[in-house]
Amino acid sequence: MAVASKKFTERQFLFFVVNYIAGFGFISTALSLFELGPLSWVIFFLVSLISLIVTLAFARVSAIDKNNYGGAYLWAKKAFNSERYSHRLFIFFTGWNNFIASPLYAAIAPLFILSAFKGIDGIQGNAANTWILIAAGFTFYLLLAFLSTKGTSLNKKLIAVFASIKWAVLLSTLIVALIVIGKNGNGYAINNDIKQGPFKEREITLGAVATVFITFFYSYSGAEDISTMTPDVKTTNFRKILIISFIAVFLFYFVGILIFNGLLNVSQSDDDKGKDGRIASVADIFRLAGGLGALIFYGVGALFNNVSTRLSTIIANSRKILPLAQDNYLPTTFSKANSKGEFQNAIWFTFGTTIITMTVLFFVPLITSNFDFDKSTEYASSIGSAATLVQYILVFFIIFRLIYKKEQLYQKNWTRELEQILFGIGVFIILLMLLFYLFPVIDGKTKWQLKNTLTLVVYGVLILIGFALFMTQEYKRNKQKESYVTPRAVT
């Protein structure tokens, strides 16, 4: 593993973490909470609790090796014996699942941008113009993904510019929401009615609760990436940075949910979206408050934020499979660099995986939801979050394994006991939510839909691709071992 020079002070990295986690993931999923009426607050605090537990876990395990990159994969190598097949399988799956989470999130950005511009007159309700918007948005993000394979990177000044635009839009969203609430303040009463939604009786099932939980968890995702950056930070207390950043993000989200709770939300109805003060998406907030000009301001701001992240996404994610290839869990061709020092094979593999996944998760939800951009964005958020939550469970088990091996993770026994209880609670709740999300029919009320099949198929296929590559390397590994065995002499 490469050893890095320190690039961030504590304060710089604290701002970096808050900016990395808090953002459009929150405003693209926050309104989905109000499908559950007053239970939205229960889900918000439950998601925040699990996020805090995850933060504590990553903060604890990040102290294992502060000087090398690798993240959860590196920790799994230290916790398990790579000479045993079952342990190698766990180590590989930890690294591979971390890789495939990014392609599963790939459709969110284009869907989110399209949902921002769909409110322009002449688009919504017009099939031809809708398809033009879809084609333009998808092609644009396809081009961004291609450009990101060229090693494009953003310097600190440019990142600061994009961050400034992003936060200007985020804060404007809260201010504009207050203006809309002032015009029509019925949202607080309707959104907190357990029985009646905006237009019909609420249908709250365990499947619906799990879906909203996992969808909203997207707004807190990022700890798995941040924890791999310990070599870049000049600090002796990485744990403090993560906890302070969580508190900052939580407070921002709490204020945001408190404000959004006053909006007349129509997430349960397909009729009259965006009319008469009824809010189906954040784009509707701007359109109702300031018309086309405000809507364009929001759309352009969201676009700038997405461009800044998408330009480096392929390169960043390709780095996740490098250690797997270097350790012979994946074909070594992925670890080969060209004359310019770029790992082109890993980059193009990541590009192909991302584009195929983005295409499927972009078009299928749109078509099956009758081109409901908001619902499609929420679905795209949920499937990526599901893979991320699986990653968190793997990290919890890594910590349990390290404790079993009596690794020096804790200085005080009470801290170890308390965190073990919290991590156990985290595993239980995440497993429960994943179970009802992946198999919602087990609650006896939710009907199986095409999107449920799509989730299992897409995630399952990506896992099978990884296992096929892993088994190929295992076969080569065993063949190589056999070649080293000296044959017995014939007498």
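Any Cβ shown, glycine's included, is placed from N, Cα and C.
Same-chain neighbours of the transmembrane segment (13-33): 40, 43-44, 108, 112, 115, 163, 166-167, 170, 173, 212, 215-216, 218-223, 225-226, 229, 232-233, 235, 241-242, 244-245, 248-249, 252-253, 256-257, 260, 263, 265, 267, 279-282, 302, 305-306, 374, 377-378, 381, counting only residues six or more beyond its ends whose CB sits under 8 Å from a CB of the stretch. Residues or ranges marked as transmembrane segment by Swiss-Prot: 13-33 (among others).
Taken from Swiss-Prot, the feature transmembrane segment applies to 39-59 (among others).
Taken from Swiss-Prot, the feature transmembrane segment applies to 89-109 (among others), supported by sequence analysis. Long-range Cβ contacts of the transmembrane segment (89-109) within its own chain (Cβ-Cβ under 8 Å, at least 6 residues beyond either end) map to 25, 28, 71-73, 76-77, 80, 82, 141, 145, 218, 224, 306, 309-310, 313, 317, 320-321, 323-324, 329, 350, 353-358, 361-362, 365, 376-377, 380-381, 383-384, 386-388, 390-391, 394, 398, 458-459, 462-463, 466, 470.
Residues annotated as transmembrane segment in Swiss-Prot: 127-147 (among others).
Residues annotated as transmembrane segment in Swiss-Prot, with sequence analysis given as evidence: 161-181 (among others).
The transmembrane segment feature in Swiss-Prot is assigned to 203-223 (among others); the stated evidence is sequence analysis.
Marked as transmembrane segment by Swiss-Prot: 241-261 (among others).
According to Swiss-Prot, the transmembrane segment annotation covers 288-308 (among others).
The transmembrane segment annotation in Swiss-Prot covers 347-367 (among others). For the transmembrane segment (347-367), the list of distant contacts is 99-100, 102-104, 106-107, 110-111, 134, 138, 141-142, 145-146, 148-149, 313-315, 317-318, 321, 334, 373, 375-376, 379-380, 383, 450-451, 454, 458, 462, 465: same-chain residues at least six beyond its ends, Cβ to Cβ under 8 Å.
Swiss-Prot lists 380-400 (among others) with the feature transmembrane segment.
Under the heading transmembrane segment, Swiss-Prot lists 422-442 (among others). Sequence-distant neighbours of the transmembrane segment (422-442) (same chain, 6+ residues past either end, Cβ-Cβ under 8 Å): 46, 50, 53-54, 56-57, 205-211, 213-214, 382, 386, 389-390, 392-393, 396-397, 399-400, 448, 452, 455-456.
Under the heading transmembrane segment, Swiss-Prot lists 452-472 (among others), citing sequence analysis as support.
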(message) Below 8 Å between Cβ atoms, which of the listed ranges 161-181, 241-261, 288-308, 380-400, 452-472 makes the most pairs with the transmembrane segment (39-59)?
(response) 241-261
(message) Below 8 angstroms Cβ to Cβ, which residues of this chain, lying six or more residues outside the transmembrane segment (241-261), approach it?
(response) 10, 13-14, 17-18, 21-22, 26-27, 30-31, 33-34, 40-41, 44, 48, 51-52, 55-56, 58-59, 62, 174, 177-178, 181, 187-188, 191-192, 219-220, 223, 226-227, 233, 235
(request) With a Cβ cut-off under 8 Å, give me the same-chain residues at least six positions beyond the ends of the transmembrane segment (380-400) that come close to it. (result) 25, 28-29, 54, 57-58, 60-61, 72, 75-76, 79, 90, 93-94, 97-98, 100-102, 104-105, 107-108, 111, 211, 214-215, 217-218, 221, 224, 361-362, 365, 409, 420, 423, 426-427, 430-431, 433-434, 437-438, 454-455, 458-459
(request) State the residues, same chain only, that lie 6 or more residues beyond the ends of the transmembrane segment (161-181) and have a CB under 8 A from a CB inside it; answer 'none' if no residue qualifies. (result) 19, 22-24, 27, 154, 187, 255-256, 259-260, 262-263, 277, 279, 282, 285-286, 288-290, 294, 297-298, 301-302, 304-305, 307-308
(message) Below 8 angstroms Cβ to Cβ, which residues of this chain, lying six or more residues outside the transmembrane segment (203-223), approach it?
(response) 17, 20-22, 25-26, 28-30, 32-33, 35-37, 39-40, 43-44, 46-48, 50-51, 54-55, 58, 105, 108, 242, 249, 253, 268, 378-379, 381-382, 384-386, 388-389, 432-437, 440-443, 445-446
(request) Determine which residues of the chain contact the transmembrane segment (452-472) at the Cβ level, with the cut-off under 8 Å and only residues 6 or more beyond its ends counted. (result) 89, 92-93, 96-97, 99-100, 103-104, 329-331, 353, 357, 360-361, 364-365, 382-383, 386-387, 437-440
